[in-house]
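So that you can see what the record holds, here are the features copied from Swiss-Prot:
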BINDING   GLY42, GLU43, SER44, GLY45, CYS46, GLY47, LYS48, SER49  ATP binding site
DOMAIN    6-226  domain 'ABC transporter'
Amino acid sequence: MNDPILSVEQVSKSFCCATERIQILSDVSFSVPRAVKVAITGESGCGKSTLLNIIGGMEHADSGIVRVLSCDVLTLHEHALTEYRRQFLGLVFQFHHLLRDFTALENVMLPGLIAGKSYREVRARAYELLEKVRVVQRAHHFPAQMSGGERQRTAVARALINDPTLILADEPTGNLDPKNALIVQDLLFSLTEEYQKTLLIVTHDPRIASMTDYRYQLQQGSLIRI
């Protein structure tokens, strides 16, 4: 492996359930090098999304260390976490989370404008990405006017708008029919390769996992290389 872009060290997480605490993650450690695709698999409810959310600064861990390049994620306060996500991460979820009153183009542009980039630069980049994900013809359509596959491809374009270091994808094809799932998966993989991005994907689909460079399985709180 080359130098890691992501390093997770002894991360643990538990939740309170009625009268007991449920241990979801137990001393999870792994590292991810640059420009590779990594899959995390496991049964529903085993903690895959929790781990991804901790890496993304969207959930707290009970203990451990998460580093993305020089950024010590678990020590960051809220404002710094927002900057961390803006600077380092592209996020793709099972649900597209597009703003319904914004067009596809506006949805893709929004993170770039929030980051303070020029309107002209962001607009040109957004059109380029919509072309890449093959929905440029829907640039001025609202989410309700688009198919599920088109919405999710737009979400992939949005994740790339700020040229992120690391893309976190949580079951990005989980809500799609097989045909659209294959299209979204192929685009996500091809674009991360083209732009030399690191992809960490949570999936229950063994076919998708088999196409990544490194594969891990989460079992009873422990992460196992497979």
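Cβ coordinates are placed from backbone N, Cα and C, and glycine is handled just like the others.
The structure, with features from Swiss-Prot marked on it.
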{"residue": "GLY42", "record": "ATP binding site", "CB count, 10 Å": "19"}
{"residue": "GLU43", "record": "ATP binding site", "CB count, 10 Å": "12"}
{"residue": "SER44", "record": "ATP binding site", "CB count, 10 Å": "8"}
{"residue": "GLY45", "record": "ATP binding site", "CB count, 10 Å": "10"}
{"residue": "CYS46", "record": "ATP binding site", "CB count, 10 Å": "19"}
{"residue": "GLY47", "record": "ATP binding site", "CB count, 10 Å": "27"}
{"residue": "LYS48", "record": "ATP binding site", "CB count, 10 Å": "26"}
{"residue": "SER49", "record": "ATP binding site", "CB count, 10 Å": "18"}
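Highlighted in sequence order, THR50, LEU218 have their Cβ within 8 Å of the centre of the Cβ atoms of GLY42, GLU43, SER44, GLY45, CYS46, GLY47, LYS48, SER49, the residues recorded for ATP, and are not part of that set.
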